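A quick write-up on the structure given underneath.
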Amino acid sequence: MSFFWLFPFLLHLSFADSLSPLSAPVQNFIHLNHSCPSSILTYSRNSTYFTNLKTLLSSLSSRNASYSTGFQTATAGQAPDRVTGLFLCRGDVSQEVCRNCVAFSVKETLYWCPYNKEVVLYYDECMLRYSHRNILSTVTYDGSAILLNGANISSSNQNQVDEFRDLVSSTLNLAAVEAANSSKKFYTRKVITPQPLYLLVQCTPDLTRQDCLRCLQKSIKGMSLYRIGGRFFYPSCNSRYENYSFYNETATRSSSPPSLPPRSTPQQQLKLAPPPLISERGKGRNSSVIIVVVVPIIALLLLFVAFFSLRAKKTRTNYEREPLTEESDDITTAGSLQFDFKAIEAATNKFCETNKLGQGGFGEVYKGIFPSGVQVAVKRLSKTSGQGEREFANEVIVVAKLQHRNLVRLLGFCLERDERILVYEFVPNKSLDYFIFDSTMQSLLDWTRRYKIIGGIARGILYLHQDSRLTIIHRDLKAGNILLGDDMNAKIADFGMARIFGMDQTEANTRRIVGTYGYMSPEYAMYGQFSMKSDVYSFGVLVLEIISGKKNSNVYQMDGTSAGNLVTYTWRLWSNGSPLELVDPSFRDNYRINEVSRCIHIALLCVQEEAEDRPTMSAIVQMLTTSSIALAVPQRPGFFFRSSKHEQVGLVDRLSINTSALCSVDDASITNVTPR
C-alpha cells in the first residue's frame, strides 16, 4: 500500500509546528471554501519559495502584526521566489478574533492547498491569500466562491419573488456604493421589515473606489437572489445577505447612516421554504434563513393616484392624459431606497445655489454629499410643474429595475409633503453636449474617446431594448441626456419619458408627443407611433452630432446654399462621396478613417425614413464591433430637407403644426402636441 497520500498531511503538521511559537492556541474557525487554481505553479518543500512562504505567513500571523484595521499585507523574498500575501478580517470582528482567525488559517493552509503557489482560504471571520504574483491594490476575480441556501423562495406569486430580488439587489448595490466610498471599504445595512434583512459588503482596503465598486457589483450579480440567503466571495471583495444578524451590530452601527432609512411599509409576507442543514467542512455553510419580502407600498401608490386625480380636475390641457400603466405598482421596487428629506437637504446644504449642477425640463439638479462621503446628484422636481409628477413616478418605476454600466444608477427617491426628489449616482464630467457643442471643450474629446462613447451609448440602449428584464423605450435620447463618468464612460440618463413594453409588444401609440426637436423619428412626431426603432433614430442623430460637433437642429450650408439640418447635410455629403467633411475639426488630423466612415454609414442607416428599414440595436452593436459585417446601402433619411426653398421639405410639410410648436430646441425635454 502506498503512503504517498500522507505527504501533504505530514508537511502540514511540520509546517504548523514550525509556526507554533508565533501563535497561541486558537479556537476552531469553520472553513468555508478555498481556491488553489493552478496545479502547474507549485513548489517543493526544500525550495527557496517555501522558505519565503514560511517567513510571510509567520509575519502575517505574528502577535506583533497589526490587527486593528483587520487588513495586513506582507512580502517575503526576491523575484522569482518572492511571495506576496495578505489577510482580510470581516469589518465587525474584534482584533482578538481577527488574530485568532488568521493564525488558524495559516495553520490550515497546507492542509487545503499543499505545494500551490497561489492560494485563497475563506473563513467566516477572515480570508487568507498569498501568491507568487503581486496581488496588492489589484482586483482579482479568479478564485471565487458562492455559498447559497439550499432552499428557494417558496411562493406561488412570481411578482413577490421578483420584488424580493429587487429589494435585495437594490439594497446591496446601495451598500456597495457606501463601502466603496469608505476608507475601510466595509459596510453593513439592516432593512427594517417585520423580519429584518441584514446585508454586508466588503473589499480589501487597498482597492480604489472604482475597483471596489466594480468588484462588489460583480459579486452581487453572481448570487442567485431567488434563494433565501447567500454570499459571494472574490479574493478582492465579498457580499452577503441573511434575515438574521450575522455580524456585530454594535461594532458596525456607525457604518449605517441614520439619514438613509428605508421607508417602505410592507403589507404582506412571503412564505419561505424551511432552511436546510448546515454543512461545516469543505462544502461551506448554507444560510438558515427566513426572509421577508417587502410588497407594494400601497399608501404611496394611492398618494400618486389621488394627486393625479386632483390635478386632472383642476387643470385642463390640450392633450389627453395617459393613465398610469400597470407597471406603476412597481414603484415599490425602490421602496427600500426612499430617502429622508432632511438628509437630502443637509447633503445639498439646503439646495445651495453653489451646489447647483444644472436645470432640466422639470426642475433643478444639485450635487450632494452625505456624511459618509458619498457624492450624489439630487434632482428636485419643480413644485409648479404641471407634468412633473407623472415623470417622477415613471422614472422611479423604470430606473429602479435597471443596472448597467452605461445607465445612470438611481440610488433612491424622496416623497415628502410637496417634495419630489430623485437621488442618482454622481457623474462628475457633466453631459455630452457640454463637450461636443463647445468650441473650447471639443478638443478634450478626441476620436478614441468619441468612438468609445458611441459604443457605450449603443450598449446602454441595447440593454434597455433587449438585455434587461423589461423592454424599455427611452423616447428622449439626446446629447444632454448622456452623462460622462470618470473615464468618459457614457451613461444614459433621464428616464422620465421612458415607456415599458410588454413581453410581445413591439410598438405603441400615444397622443401625448414628448421629446426634443431634432431627435424624434418621423413616425413618432407625426403619428405618435413609437417603438425600439424610435430610439434607433435618435441614436443615429446622436452619432452624427458626436462625429461633427454640430447640432442637428441647426441649418447648414453647402456650396453656398442651404443644405438643411445635420441629417440632411450628412446625407448630401454621403451622396457626393465626401462624408469625411463632416468630421469635427478638433480631431480631424487624428482619427481612423475606416471607423469614422463606418459610424457615419451606421448613423445614416439609423435615420432612414421608414422604421422597418432601420437596424436593431443588437445589429448596430455588432456593426460597431465587427468590421467584417457588410453594411446595407442607406435610404433617404426622414425629415429630409430639399435644397430649394420652393420645394417641399419632405415629411415635415405633412405636419399640421409649425415646427416651433412641434417641440423645443435641444434645451428642454417636453412638448405637448395633438397631431391630426
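Note: Cβ is positioned from N, Cα and C throughout, glycine not excepted.
Per Swiss-Prot, the residue annotated N-linked glycosylation site among Asn46, Asn576 is Asn46. Residue annotated by Swiss-Prot as N-linked glycosylation site (from the set Asn243, Asn672): Asn243. Candidates Asn64, Asn658 were compared with Swiss-Prot; the annotation N-linked glycosylation site appears at Asn64. Reduced to three states, the DSSP call for Asn33 (N-linked glycosylation site) is strand.
Of all the glycosylation sites listed (Asn33, Asn64, Asn248), Asn33 sits in the most crowded Cβ setting, with the most other Cβ atoms within 10 Å.
Neighbours of Asn181 (N-linked glycosylation site), defined as other CB atoms within 10 A of its CB across all chains, total 18. It is Asn46, among the glycosylation sites Asn46, Asn243, whose Cβ has the fewest other Cβ atoms within 10 Å in the structure shown. Put simply, Asn243 is the one of the glycosylation sites Asn64, Asn181, Asn243 whose Cα lies nearest to the Cα of Asn33 (N-linked glycosylation site).
Cα separation, Asn46 (N-linked glycosylation site) to Asn64 (N-linked glycosylation site), rounded: 27 Å. Taking the Cα atom of each, Asn64 (N-linked glycosylation site) and Asn248 (N-linked glycosylation site) are about 25 angstrom apart.
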